[in-house]
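Q: Copying in the features that TrEMBL gives for the protein in this structure:
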- K33: active site, proton acceptor (ACT_SITE)
- Y242: active site, proton acceptor (ACT_SITE)
- R128, M290: substrate binding site (BINDING)
- 221-343: domain 'Alanine racemase C-terminal' (DOMAIN)
- K33: N6-(pyridoxal phosphate)lysine (MOD_RES)
Amino acid sequence: MSTATLTIDLDAICANWRALDGQSTGETAAVVKADAYGLGADRAARALARAGARTFFVAVAEEGAALREALGPGPVINVFSGHMPGDADMIGDMDLVPMLNSLDQMIRHVEALPGRPFGVQLDSGMNRLGMEPAEWAATREVALGQSPTLLMSHLACADEPDHPMNRQQLDCFRDMTADTGVPLCFANTGGVLLGPDYHFDMTRPGIGLYGGRPFEEARPVVTLDLPVIQCRDLEPGETVGYANSFTAQRPTRIATVAAGYADGIHRAMAATTHMLAEGTPCPLAGRISMDLISVDVTDLGYDPKSLQLLGPEQGVDVLADNAGTIGYEILTALGPRYARRYLGG
Ligand SMILES: *Cc1c(COP(=O)(O)O)cnc(C)c1O
């Protein structure tokens, strides 16, 4: 195998969805934006639909249109960015539900697509998307008169259970949605874990489905195996890679694997990351290049055919910590050069 292989366990995604669904009091939707966090929205969403998910969320209408092609009619596809200029045909033809973020978007939607479904996104304090309390107060009667399918808001600090922002946003969301009679949706993965106060009628986890923090009990979803292109022996004092960033302290065996930072393997993780040969960790040697990584396999005693970067032993969040980032960024950065192989589903 000459290309690196990203293996995605669809059964694990579905098991994670079921586990979060089991903790939620209402319906559990699935967030599949950014190609299901880089793992393949078509495959992930089809598997989740078979597992029982009836509602999906995407970031923009284009993603929703592609998802509709994959899922066919039936499942609800909600769009976080709402109704953007030029989106009316796509929203109408592909049966998407925009989460309207402003009075402008609401006017655009009801003028272009009268009678077609929409939700409303409310800003409960994150100050990123949605109507703020004053705008909502002025829009509320008109909006409710058009029968929105959902009122939603988003938590800024849900992965920190003790953060006072959670309760503050909850109070704000409750105030804004009181006596509306419209289904409510508030919780991402972190919100589900905050408990039933945060669940309302529908939850919408993303990262937890794909095996990332803060859903610590998640089943691992991805493994990444990188083929070894070449192995070589180094004498003590010889160096490896750009800037001579590794110097052999002893007779050393170096394996070079076919992937690099252009494939989403952040340079910053090099110092603390290992690659595994059938479970045995081997340290990286020097810098991560664009398409290549050098690995010290001296202690292995044999030349491996491939080395594993991501898997059950070294998960998404370990790599995230090593790179000084979050699991979301590790997943969404996984590049287009990998052969994607799907298990289960
Ligand atoms: C991405 C996103 C989610 C999913 O969040 P996770 O932390 O991945 O569970 C939910 N709601 C909104 C508005 C989002 O942008």
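Backbone N, Cα and C define each Cβ position, glycine as well.
Explain the structural surroundings of these features, please.
A: Sequence-distant neighbours of K33 (active site, proton acceptor) (same chain, 6+ apart, CB under 8 A from its CB) are A41, F57, V58, A59, V60, E63, F80, G206. Under the DSSP three-state reduction, K33 (active site, proton acceptor) is assigned to helix.
In the structure as shown, the Cβ atom of Y242 (active site, proton acceptor) sits within 10 Å of 12 other Cβ atoms.
Neighbours of M290 (substrate binding site), defined as other CB atoms within 10 A of its CB across all chains, total 12. According to DSSP, M290 (substrate binding site) is assigned to coil rather than to any helix or strand.
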Q: Give the distance between the Cα atoms of M290 (substrate binding site) and Y242 (active site, proton acceptor), rounded to the nearest whole Å.
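A: That comes out at 11 Å between the alpha carbons.
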Q: From the recorded positions listed here (R128, Y242, M290), select those whose CB sits under 6 A from an atom of ligand 1.
A: none
Q: For R128 (substrate binding site), which residues in the same chain are close in space, meaning a Cβ under 8 Å from its Cβ, but six or more apart along the sequence?
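A: For R128 (substrate binding site), the qualifying residues are H154.
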Q: Which whole-number mean pLDDT does the model give the domain 'Alanine racemase C-terminal' (221-343)?
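A: The answer is 97, the mean pLDDT of the model over that range.
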Q: By DSSP, how many residues in the domain 'Alanine racemase C-terminal' (221-343) are helix, how many strand, and how many coil?
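A: Going through the domain 'Alanine racemase C-terminal' (221-343) residue by residue, I get 30 helix, 46 strand, 47 coil.
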